[in-house]
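Here's what TrEMBL has on this protein:
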{"type": "ACT_SITE", "residues": "His513", "note": "active site"}
{"type": "ACT_SITE", "residues": "Asp561", "note": "active site"}
{"type": "ACT_SITE", "residues": "Glu570", "note": "active site"}
{"type": "DOMAIN", "residues": "110-583", "note": "domain 'Glycoside hydrolase family 9'"}
{"type": "REGION", "residues": "1-24", "note": "region 'Disordered'"}
{"type": "TRANSMEM", "residues": "72-94", "note": "transmembrane segment"}
Amino acid sequence: MYGRDPWGGPLEINAADSATDDDRSRNLNDLDRAALSRPLDETQQSWLLGPAEQKKKKKYVDLGCIIVSRKIFVWTVGSIVAAGLLVGLITLIVKTVPRHHHSHAPADNYTLALHKALMFFNAQRSGKLPKHNNVSWRGSSCLGDGKGKQGSFYKDLVGGYYDAGDAIKFHFPASFSMTMLSWSVIEYSAKYEAAGELNHVKEIIKWGADYFLKTFNSSADTIDRIVAQVGSGDTSGGSTTQNDHYCWMRPEDIDYVRPVTECSSCSDLAAEMAAALASASIVFKDNKAYSQKLVHGAKTLFKFARDQRGRYSASGSEAAIFYNSTSYWDEFIWGGAWLYYATGNNSYLQLATMPGLAKHAGAFWGGPDYGVLSWDNKLAGAQLLLSRLRLFLSPGYPYEEILSTFHNQTSIIMCSYLPIFTKFNRTKGGLIELNHGRPQPLQYVVNAAFLATLFSDYLEAADTPGWYCGPNFYSTDVLRDFAKTQIDYILGKNPRKMSYIVGFGNHYPKHLHHRGASIPKNKIRYNCKGGWKWRDTSKPNPNTLVGAMVAGPDRHDGFHDVRTNYNYTEPTIAGNAGLVAALVALSGDKTTGIDKNTIFSAVPPMFPTPPPPPAPWKP
């Protein structure tokens, strides 16, 4: 067979050349050996080997203790140098670029004010103070309260809180104050924790709860009387009897007799105190023994309230002058609701949702003060508290009808807070006049701000974007904005540019109507009349009562920083409790929201009873 060699010669495959691969391999090996058997000159070696190679670089680097690959060594050193340069560059940029200090958001103001508002309670403590009370000008006081009375149902009445600028312990507003604080902790414990105040507020509540347990026989199941008040303040008729209003003394220096007022027919006081202990039991639910002690006391008080009916201020006592109660029906709903949440016992829910009780409390009619939560009337708070049950647990029949009514009434109250409605006037500076222009307005404003924010958060937690006022739908942000405008007014966004919380901002009241704050701690004991010079001086108080919210401005946004005018300059624990609740609700991140489940810890699973069948049809 013939072919053509592409290189120009003939290509011939000859049968004689078709040797096997093995033969050919042996022949090549013989040729290789023949070639290697004779020496090659220098030129021939260059043909075979090519040009002489230069000496190769070492592939490894000897570091003494170890030998590493040159490539790895180079990469490692290079990486270290590059990283160093990068760090240096970043440091240079950070140090040379000017820093911009961003102004605090309003939420930070609420948190800052919260720290201060809680400190007010430290300054109001009575009894033997703890070492960490952190109010330098206060000391232990009134250590003889309630002692020395043989055969009484109490051992002593040392402790608790002074009500305001005096040294009287009024148990009715004090109980409301502790209930409000407990409610705020139950709903917003995460916000208290974020602010670093959870332990502090719990200490404040425990100080009050421990004292209330002293005011009746808390170990008994049935009682026939409780203590309503310690101290006296009646100066009517020009009386010169030494008491907590006639005298102007530091609590630490009091040496006059402090009477104890008992009552045997005081449903409002007992039910409110029951609410305070029941709500506190939820706050301290992780301390089982203490929580059960509080629940037992609450049950005993509520039974007493139901068995021995009457208003605590109806008997002509001093309570009628300073903290007159208008009704006890609202306390029955309020106390019953809190006991239901604390115990899970349906009998309390059945009582709190009785239509007759709601009717007596005024739940189905308006009136000028309808929707105003205060130490006297808890109806607005009770309706919101029970609306919570409907929003999150939907107990159904037989509670749905009255709970739906409470929910609707709460919605109406929230509508009444909005500027578009005219139920309540506003000052030119924007403060809502919930007490219709009467003195001491701020205590009512802070309670409304708390309720509005809480209802807003309830709706958010229930995935409801808002609520209806008649045919108009309003988002939850509208309620929050209302609360913010009111609290911002108190913090200084008002025509006088004055903060009504002592120690907050640069411009706040300096002449508080407060005995302890107005008398210097100078190792001089001023007697009953000796302190009058400090009451009447025009100089600022020597001691700063940090966090105290004063009574507030008048209906024209005016304010007189005068010590002797308590309608402007006196703080109260009831007012500050509402302030604390509103501040914590508005503080921090809005997305934190409420704690939906803690309040239901003792509530058993609900299996609604089916409604009764309809009446048979009659032709």
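Using N, Cα and C of the backbone, Cβ positions are placed for all residues, glycine too.
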Review point. If you count the C-beta atoms lying within 10 Å of each candidate's C-beta, which of the active-site residues Asp561, Glu570 ends up with the smallest number?
Key: Asp561
Revision key, fill the gap. Whole-Å Cα distance, His513 (active site) to Glu570 (active site), is 5
Practice item. Within the domain 'Glycoside hydrolase family 9' (110-583) only, compute the mean pLDDT. Key: 96
Review point. C-alpha of Glu570 (active site) to C-alpha of Asp561 (active site): distance in Å?
Key: 10
